[in-house]
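See below for the structure under consideration.
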């Protein structure tokens, strides 16, 4: 009706020739329209601010038993309110809204908030991958029936159209009967539909052969060792029988001494039983066939393994390992990575100046050498100083890369060394010849990690190009390319049976890949920052992963489920290692600490109640070993269960 009146008025003015009056009326109408639009725009921006503020106050003031569930709604609503304001062009209001309420979510979502803070215009919403992910997918939130009813009642009562619009458009609720879930389940209660959680559920239903190899070298050696022990025990029994007969003829002359000896033997036996019971807490793993053609070890190598097994120390919560810590000195912040051979005889480091250096421990401290042994802390045994003194050269210098070296890895018997670099290549070195043998090219960007398989010959790499690759020493091109991560692949680890490769990524996920097909066999979700370290238990069933925030997660490979998440350190967890029986987990961090965790309790809880969906008891900290001021780069258990560690002394300490 108003439009018809306006048209009639303008037609009359034109007919009468009142041109100036017509122009003035048009200008006034445009001004009034603009003012109304501006007022409506400011009102829309205020609705988001007020609506979210009231929803936030209501959620924080709700009943204690339901509060943690209702608070799950806030983060997705906060993100979408901010992005809606940006999309509508209210940049100043969007910044004010973001800065006012971001503190509520910094503890759980700091890294995502830092990325979203970079959105400065509507075009950034399309350019940023994280923003696109949020805008193109709905969020699924699990709430109990009563929590959901409370939320619906609040929204209907307040009639907050802005909040209703955001929730209806961007959130789906999965409502379940009964009491609210525990707070520990919050990490899995909010997920993007059609993205990682659903994909993980689908992938983790695949069959996984996590057992150990049939007729493996260690299995054969253990059998030989048990047979020799049995023969030795039988021989001891015969000797004891002869001794007893002899003692009987002597009468009761030495009766007291014999009784004391028996008591002592009982005490020793009891301690041994305790340690053995811990090591046998998890059932014997199944046996599987290898999908790769694996090399055969020569007899002298098998003999070496047998000797190590014969002298292995049984570890547990009552028997902690000895730790030998190697400290790099005078590196001037140039050391990027380090590795230690299986017996601790060789230590290698990769440097920012593109060099690789290898130290032979047998030559450290000899006359004419640069460094002497020194201890950093009373709780660490056998610490050695590794001084990079060019003049005296107590190391072998390997040069060939044209960029910083980011990882180094010894072959199982330290006759070869792998190194990866920002020059996109992986190099194979001979530790006997101190020479480069092969340069492997295939990645398109820096290679962050390279690891030999447990049997040697094959190795895996992880790169900035978002792929992991499988290689053999004899071929210069990769055998498999594993693609699926959404960001850098930062670390890689082999499964003990060599049929799977685990990768950790900046996309906060861990994946397990089948080496035969190159397909993803497991997807693990739960970390809140980039995953930088991995370790798989010797029986092949459990995997530990460490992230940049200091969190350590233990996973059950057979189900894909998290067993025991913990805040393990105050800083980045750079390295993880299982003891030979899998009873202990060692972690090393940028916070200059080595920590020893009891894995047995978590495995026992999982074994006794596999049917429960809730998380098992958390890993128990057995001991924390602080260094003076040395971030821990590398941890490794020898076959005799001695724990080796390495790191570079921090500058200015």
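Keep in mind that glycine also has a Cβ here, set from the backbone N, Cα and C atoms.
Caution: TrEMBL annotation is automatic and unverified by curators.
Fair warning: this is a prediction, and the values are worked out from it, not measured in the lab.
The region 'Disordered' annotation in TrEMBL falls on one of the ranges 172-220, 221-269, 270-318, 319-367, namely 221-269. Packing against the repeat 'WD' (482-523) from elsewhere in the chain are residues 129, 196, 199-200, 203-204, 206, 208-213, 288, 290-292, 294, 448-455, 458, 460-464, 466-470, 529-536, 538-540, 543, 545, 547, 555, 557, 560: each is 6 or more residues past its ends and has a CB under 8 Å from a CB in it. Residues 278-279, 281-283, 312, 314-317, 320-321, 323, 325, 380, 532-539, 542, 544-554, 556, 616-637, 639, 641, 643, 645, 647, 650 of the same chain sit 6 or more residues outside the repeat 'WD' (566-607) yet have a Cβ under 8 Å from a Cβ within it. DSSP assignment over the repeat 'WD' (440-481) gives 0 helix, 22 strand, 20 coil.
Taking H, G and I as helix, E and B as strand and the rest as coil, DSSP gives the repeat 'WD' (398-439) the counts 0 helix, 25 strand, 17 coil.
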